[in-house]
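Lifted from TrEMBL, the feature list:
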TRANSMEM  55-77  transmembrane segment
TRANSMEM  132-154  transmembrane segment
TRANSMEM  160-181  transmembrane segment
TRANSMEM  188-207  transmembrane segment
TRANSMEM  213-229  transmembrane segment
TRANSMEM  241-265  transmembrane segment
TRANSMEM  277-294  transmembrane segment
TRANSMEM  314-336  transmembrane segment
TRANSMEM  351-371  transmembrane segment
TRANSMEM  425-446  transmembrane segment
Amino acid sequence: MTDTSDDIPGIGQYDDFHTIDWQRDIARDRMRHRYIVKKRQDSFWDLLKGAHDAWSGWVCVLLVGLFTGCVAGVIDIGASWMTDLKFGICPQAFWLNREQCCWSSNETSFDSGNCSQWYAWSEIFTSSREGFGAYVISYFFYIMWAMLFALLAASLVRMFAPYACGSGIPEIKTILSGFIIRSYLGKWTLIIKSVGIMLSVSAGLSLGKEGPMVHIASCIGNILSYLFPKYGRNEAKKREILSAAAAAGVSVAFGAPIGGVLFSLEEVSYYFPLKTLWRSFFCALIAAFILRSINPFGNEHSVLFYVEYNKPWIFFELVPFIGLGIIGGFIATFFIKANLWWCRFRKYSKLGQYPVTEVLIVTFITAVIAYPNPYTRMNTSELIYLLFSQCGISNQDPLCDYNRNFTDVNSAIEIAAAGPGVHKAVWLLILALAMKLVMTIFTFGMKVPCGLFIPSLALGAITGRVVGIGMEQLAYNYPKIWIFSGECSTGDDCITPGLYAMVGAAAVLGGVTRMTVSLVVIMFELTGGVRYIVPLMAAAMASKWVGDALGRQGIYDAHIALNGYPFLDSKDEFQHTTLAADVMQPKRNETLAVITQDSMTVDDIETLLKETEHNGYPVVVSKENQYLVGFVLRRDLNLALANARRIIDGITGQSLVIFTSAQPVQNLGPSPLKLKKILDMAPITVTDQTPMETVVDMFRKLGLRQTLVTHNGRLLGVITKKDVLRHVKQMDNEDPNTVLFN
């Protein structure tokens, strides 16, 4: 009698583009844990092993936090230096960006970031900053550097890591729901994504580095989980580390650790037990702490857009805030529909075959349109900061060209009429809004790393600032009307346009991603404006309602559907009255591929594996008597047969394959092969009359890969996750063939 060894290499792993079986993986982890606890008493070494096993989860997320913070610091520093390189250079020390270059000079004030140490490209070539010639040279260098950065980013992605393109959040979401995409979170993807995001942000494209930060952090989490076999070898356990890593990614992208944890919980994670919540909290904390100590922005705030004002808002202002929420919902819906249309066009047309050319064309058009308008020429993060900030004495921007005379630095800012600079700025901002909206539609989904948070915030901030200036002028011209409830009659500035920009930014971002709780927390952590939670909540809610009314999916879910990933959304309801018998394979008149428990030879099973494509096979008592014994996976069968032929003597094509522990009757043929070890004796089953509503719920909540359908105890068929997804699509009158993977 021969028995396969317990440790056939590769058993319990999964193939690429397959769904994991959460129940099986968690059960395997519990068995491993029980074994370690039992061995603990044996020796001091086993006690140490047990302790290491207990704390390895915390050590792993600690390392993920450390590395994520460091990588984010490098990316921030690199991106800000390369962005400034488009405008000029610091001849004393070329590795300094404009701000650092001007620190080293002793001049206390320098207008719009130009000090004597910093040379614009026009100065180097024509030794003047002003004039037509200087403008042309600056324009030329701006376009040239942008094209160079974009070419580098697109070529790196194309040559070394095709998975490094895009935002990465739709794929992370799919992976966390229990899907395997090999090398999506690998070391090459990590390196190219980190370098590529610096390049594509510096190219001035309409994209942000916040979404890719989540992908980068998840890559770090995946790579480090292999140091701890408990997580590296168990896909369901690895998902716990990846959830924590996603939280760290948002934490370093915005300097918002609590927002990061909530983002992981609300937006990306599928299975989020309390233990994972604490670990995510710890991981986000460590990452934010490391980034704070690197201090890439060189200021005392770790938040991205710190706002100084804390004026109370008037109760009536809730009306324009909710209005901004509604506008944000409309902008977001238009963006999602247009972007999906373009991505679909790219996917099914010739354009998809020339990714680098497409990137270069979009970069060229963006650079040519962006340079003449100062609000699109500047870095998007700077633009958002400018729109969020309040007009004070030090602000030289045309946005702050009010007819004011500042007599005392500490006196309250008086409300004043808008000067010509403000009118001009508003028109430029409206042009910037149109340009950003159109360019982001064409940019998101290109083959460079690109995030969506910053462009969405910019679209909303521009809208909000324009509305805010309108409200401010209304209060200036009619301070006595009842809506301002006497707040504006004192002559102080009672309306803060920067607050409207904040609320608008939250509205558009909420409409695009459909976040609610995490969005509000990220927004007030981002700006430090805790006073404004209620306006932010009102706008986020209004924009989500408008978005949900006009189109069901946020941008990430829409991209998941576009790529055909097998993602069963736990937020959706299944409202149809079908039964398991309607969905199972095979249909009533076809035959089901099964394995019998003790009457098939090695050759029979190998023929079955060749002729069918299924991921697993039910094991039954006999062909006539289809009572269920268990379920065996195709991958495990292949491995076990190959292993047996290699290691065990006397196994031939005529050997019986036995899935029971009973001793077979001794016959004169070759010795049988026992494979009970790889048989799942407790597969999840339903009857043919189970409503599909229950079946869909089981797939969602238990993370199943397949379930077997029986009738009076006899096996009828199998329902896989793919069958469920196709059935859901069919019932919603969509094309079921868009679900591509298993």
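Each Cβ is built from the backbone N, Cα and C atoms, and glycine gets one as well.
Note that TrEMBL annotation is computational and uncurated.
The stretch from 55-77, 132-154, 213-229 with the most CB pairs below 8 A to the transmembrane segment (351-371) is 132-154. Contact between the transmembrane segment (188-207) and the transmembrane segment (277-294) does not hold: fewer than three of their C-beta pairs are under 8 Å, each pair 6 or more apart in sequence. Counting Cβ pairs under 8 Å to the transmembrane segment (55-77), the top-ranked stretch among 160-181, 277-294, 314-336 is 277-294. Through the fold, the transmembrane segment (277-294) approaches residues 57-58, 61-62, 64-66, 68-70, 72-73, 76-77, 217, 240-241, 243-252, 255-258, 260-261, 264-265, 302 of its own chain, all at least 6 residues removed from its boundaries and within a Cβ separation under 8 Å. Within the chain carrying the transmembrane segment (160-181), a Cβ under 8 angstroms from the stretch's Cβ atoms is held by residues 14-20, 22, 188-189, 191-193, 196, 211-212, 214-215, 218, 235-236, 239, 242-243, 246, 267-271, 355, 444-452, 556-557, 559-560, 563, 565-568, 703, 741, all 6 or more beyond its ends.
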